[in-house]
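Below is one structure, written out as structure tokens; comments come after it.
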């Protein structure tokens with residue numbers, strides 16, 4: 001990538017950097033993205049991505065996609081839609097006839113796939129989509145139709161310019177009966193890239209970021225697709241129109257149709273951490289070379305990172321990125337080794353981590369941008385443009401607020417099931433609910449605050465209390481005659497706090513498991529500092545510990561004070577930590593190195 005002109009390498013300050021040319025217009029960025037995809041395909045990069053089995057093969061392709069995402073979000077999304085949405089739908093919702101027909105051609109980019117789920121009028125509420133697929137038993141075909149403007153497929157990545165085929169999610173109608181949302185394969189362009197008859201495609205237009213992806217809108221005017229184009233692993237329609245399914249429960253059947261989204265959420269969560277690492281690597285390196293003001297007359301100016309206030313800005317974000325990185329890796333390992341029994345846990349974890357890690361990414365990028373001053377505004381320094389490029393992560397493949405509500409609802413269901421069956425809690429790390437309630441000391445010393453046992457006790461206590469309060473509040477609404485959905489809706493404040501408590505406890509618990517595997521020594525000591533800083537910042541930034549009585553005002557103040565102490569202890573290790581991320585220098589920016597040389601007059605016209 002550093003050598004190919006397709007990836008826009010440029011020499012600056014004696015180094016080579018690669019990043020897309022954001023000065024290109026929308027169409028130029030789109031075509032550049034597609035040329036990069038072709039370059040990678042011709043070199044066999046995608047060989048086996050859909051046809052090679054096993055966890056190791058899946059981890060390899062996930063790792064490569066993450067690396068590409070550090071270079072350019074548009075490139076990662078363009079590839080992700082083709083392989084992980086279109087390709088995963090064919091692989092995991094289809095059967096042998098679909099695999100034989102489309103998987104190899106997808107891998108080789110003979111066809112270009114997209115994923116038509118979102119509509120103008122329905123995003124998160126997939127169950128309510130309005131596109132209709134009606135079965136015609138005489139011709140043994142499905143007629144797919146867009147019945148109204150709100151049913152137009154919207155934000156479909158790849159549809160505007162390049163996609164030849166799409167997965168259409170539509171309400172299946174057979175003999176006047178609606179069998180719910182199902183997935184169908186439809187061709188939308190011919191081999192000459194002409195739009196197929198009875199299909200209309202329009203551009204979604206310029207966006208605040210991600211303009212290298214050709215998002216489009218699609219209308220279907222009673223197009224006909226063969227009966228065999230129904231992805232039929234979960235349910236099928238026999239030639240005579242009889243509807244059959246291996247899953248009797250409509251809710252479980254619907255959940256099965258949404259399964260391709262899970263991998264997308266895993267990808268998004270992990271990619272968010274990688275991008276946070278890029279931003280932090282640049283901002284920390286800059287803070288270790290940029291000086292401002294002196295504390296003594298005629299004394300040398302201080303490095304930015306030697307100011308306690310600057311440490312407080314960046315080092316807690318560094319701690320969060322490290323702990324969230326462990327969570328992302330945990331999520332990947334769980335996904336590639338998934339079993340039917342793990343599907344529910346994978347959905348809950350991926351929802352919680354996708355929301356939390358993408359929100360944190362935006363917070364991190366904003367702080368890093370500001371910490372770099374005016375230099376953070378320059379596109380070549382990456383952080384500012386990343387803010388626009390990755391903002392979309394908060395709402396695509398699941399709106400973050402909706403995902404966190406799903407987490408709280410799932411925890412509520414787990415609580416009710418355990419009580420109803422009179423069985424202990426099992427899974428999702430909820431086993432702590434089976435034991436006695438943790439007791440927090442009245443007076444917290446530095447040693448106690450840094451104790452991993454105390455940290456887990458505190459986060460478990462908050463989660464336990466919130467789960468009980470949430471369940472009680474919902475029960476009170478139910479007792480007043482409210483429906484279950486209305487009761488959950490009215491309890492949204494507790495729901496938000498509960499989902500956050502669950503996620504923060506999960507992140508800590510996963511990191512502790514990783515930390516246990518490290519032998520005693522300097523590395524383990526630094527991991528302990530990162531962990532302690534993460535927990536202290538969780539206390540400092542959330543009113544929930546005070547609001548629900550988990551900590552006294554004095555103990556919250558002690559935690560806040562400990563943040564500054566931990567930052568000062570972590571300061572000597574900041575460069576080593578960001579270097580350990582392993583991000584190639586070319587994927588950083590001139591600001592991370594000799595930024596004076598990079599801005600010399602000799603480079604003024606580059």
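From the backbone N, Cα and C atoms, a Cβ is placed for every residue, glycine too.
Whatever TrEMBL says is automated annotation, not expert-curated.
Feature annotations, courtesy of TrEMBL:
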type	residues	note
DOMAIN	114-222	domain 'Acyl-CoA oxidase/dehydrogenase middle'
BINDING	118, 157	FAD binding site
DOMAIN	261-411	domain 'Acyl-CoA oxidase C-alpha1'
ACT_SITE	397	active site, proton acceptor
DOMAIN	462-588	domain 'Acyl-CoA oxidase C-terminal'
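Feature map: TrEMBL annotations on the structure.
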residue	record	contacts (Cβ under 8 Å, 6+ apart)
118	FAD binding site	153, 154, 155, 156
157	FAD binding site	77, 78, 81, 85, 114, 115, 213, 214, 215
397	active site, proton acceptor	261, 264, 265, 268, 354
DSSP residue counts for the domain 'Acyl-CoA oxidase C-terminal' (462-588), split into helix, strand and coil: 105 helix, 0 strand, 22 coil
